[in-house]
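Among the features that TrEMBL reports, domain 'Major facilitator superfamily (MFS) profile' is placed at 1-401. What TrEMBL records for 25-47, 95-112, 124-142, 148-169, 233-255, 267-284, 296-317, 347-367, 379-397 is transmembrane segment.
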Amino acid sequence: MASKEGRNMRDPLIQKSSRKNESLWMVYLSTFVAVCGSYVFGCGVGFSSPTQDAIREDLSLSLAEAMRLSSAICAAGWLAIYLAKGAEALDIGRLATGFGMGVFSYVVPVFISEIAPKNLRGALATLNQVMICGGASVSFIIGTFLTWRALALTGLVPCAILLFGLHLIPESPRWLAKTGHEKDFEVALQKLRGNDADISEEAAEIKEYIETLDRLPKVKFLDLFQRRYLRSVIIGVGLMVVQQFGGINGVAFYASNIFKSAGVSPSVGTITYAILQVVVTLLITQVIDRAGRKPLLLVAGSGLVLACMIIGLSFYLKLYIGSFSAGMGAVPWVIMSEIFPVNIKGIAGGFATLVNWFGAWSVSYTFNFLMSWSSYGTFLVYAAVNALGIVFVLKVVPETKGRTLEQIQAAING
């Protein structure tokens, strides 16, 4: 029944871009403002790599509303890092930026998916990963020229753009409808569709969908494992497990050491790695809504398996980074933002994000231990994870290209 209704339902947030009076400029502006949060994320990721030696020397250290709030906390964190006179202030600053990064990693792709037309949703959501890679890459590169304190100040720029830009763009119409802000909901929808667009039919569809969800009981964490939600949770969490336990953060955080071991200049290798990430992810924004999510995941997974085996033999990283950026980097976040119904998005999305970050920590923490055990064996383990990921994508993950959010969610959870 739910699947039938989902198939007959048109996306309540979307009208086809070919309609005469539709304007997408607000969608593009909203996306740009949102992905400034992703750039802040990238700056946080890229800050330590070029500066860790200078930080330790200068400080005498031993070796031993969601986006707004996050942006403000990140800005405070960057200032704390800039002004740090000892380890305590530096730790507080990194803790603050880490908190903001965690929120941005979930909120940005979900916000974009709720405002973007279905024919642009994949490309616009992929900009989240582009900006993360861009922020990290810029930090990698300029960190070789700037002092670590000056580099911390550059992290304030996207925070300022985000804080200012949030005053210019509307809130997600779907969220406004769900929280009962009917007047604000219609104003936001009108801004996103253009002043001359007729939103009456679309507004009615949104309300109908939200009313259906409101009749369901309030969801608690354990409710995620009910049959109606279980498949979407398995897909969202499963993709995050494959993404992280495939080894990306071990490679990313220790790239300079791996390049050095392979006889390649660490600075040249790291800059090449950073640029390659951005270029490949940008290319993906051009094809994700045409090729589909599932084919990209399968191509990326196959490339990662091959790359892990090659790295184990020769530490050749370019294929690995290119394969990851081609699908496994961006696509899990795109699919995660599409598959959860509104009434479980917060809990389910938070759970998937938590699993992602736990995986990132686990791989980063264990990477050196595994490499001490066996460099070849380490990447064979990652190859096995990526091979299992291919099976998971083939058997479990649906194709979401060209389908409305309601059709996707009804098909998965119906």
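Glycine is treated like the rest: Cβ placed from N, Cα and C.
When each of 148-169, 233-255, 379-397 is checked for Cβ pairs under 8 Å to the transmembrane segment (347-367), 233-255 comes out on top. The average pLDDT computed for the domain 'Major facilitator superfamily (MFS) profile' (1-401) is 77. The list of residues near the transmembrane segment (379-397) in space but at least 6 beyond its ends in sequence, with Cβ under 8 angstroms from a Cβ of it, reads 231, 234-235, 238-239, 242, 245-247, 250, 293-294, 297-298, 301-302, 304-305, 308-309, 311-312, 328, 335, 370.
Below 8 angstroms of C-beta separation, residues 30-31, 34-35, 37-38, 40-41, 44-45, 47, 66-67, 69-71, 73-74, 76-78, 80-81, 121, 124-125, 127-128, 155, 172, 333-334, 336-337, 345, 349-350, 352-353, 356-357 of the same chain, each at least six residues beyond the ends of the transmembrane segment (95-112), sit close to that stretch.
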